[in-house]
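Here the structure is laid out as structure tokens; the discussion comes afterwards.
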Amino acid sequence: MPKIKMIIGLGNIGKEYQDTRHNVGEWFIAKIAQDNNQSFSSNPKLNCNLAKVSIDYNNVVLVFPTTYMNNSGLAVSKVANFYKIAPAEILVVHDELDIDSGEIRLKKGGGHGGHNGLRSINQHLGTNDYLRLRIGIGHPGHKSKVANYVLSNPSIAQKKDIDSAIDNGICFLDDIINYKLEPVMQKLHTK
């Protein structure tokens, strides 16, 4: 059975995007690094900011692509090749429009669902056989509003809900790393 060796936090690079809904994946890995007293260092060769942590006695690389969302797959494939990490050993954490704020879901494989970061990762890895931790940001109501919505900051109440979802996901990280997926899915997916 595989173990997770790399966690990707999707988002856009730059201070202007740091607090936007589209960067909740970055928020997630930043919290992991902070909880483990680690900081990210820039790795231009691998197109990312990188930190290394130990989770439940497993060495895990935290990756924030510096390529912007639409080309995240470039960094993911470079880091995976450099560290010899298989797609099944990758966890991608990203924002999810189709899940309410404050909720979080774990998924194995599947399509990109219109998410450009996932689309890029699927293309660069040549597969969609990796784990995804989907952090709900809610939907603005109409597809014409999506781009502005994901690139804007959440309200104070919504930020609190998203932070709660991140904390909830981190509580289950040991089991996710060790591929104990069914119990995690049952707990995360039950209201």
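Placement of Cβ uses the backbone N, Cα and C atoms for every residue, glycine included.
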Check Swiss-Prot: it lists Y68, N70, N116 as binding tRNA. Then name which of Y17, Y179 it lists for that same site. Y17
If you count the C-beta atoms lying within 10 Å of each candidate's C-beta, which of the recorded positions H22, Y68, D95 ends up with the smallest number? Y68
List only the single closest residue to N12 (site 'Discriminates between blocked and unblocked aminoacyl-tRNA'), chosen from the recorded positions H22, Y68, N70, D95, N116 by CA-CA distance. Y68
Which of these recorded positions has the least crowded Cβ, counting other Cβ atoms within 10 Å: N12, N116? N116
For a quick check of understanding: among the binding-site residues Y17, N70, which residue's Cβ has the most other Cβ atoms within 10 Å? Y17
Report, in whole Å, the straight Cα-to-Cα distance of D95 (site 'Stabilizes the basic form of H active site to accept a proton') from Y17 (tRNA binding site). 13
Residues Y17, Y68, N70, N116 [recorded tRNA binders]: greatest CA to CA distance in Å: 16
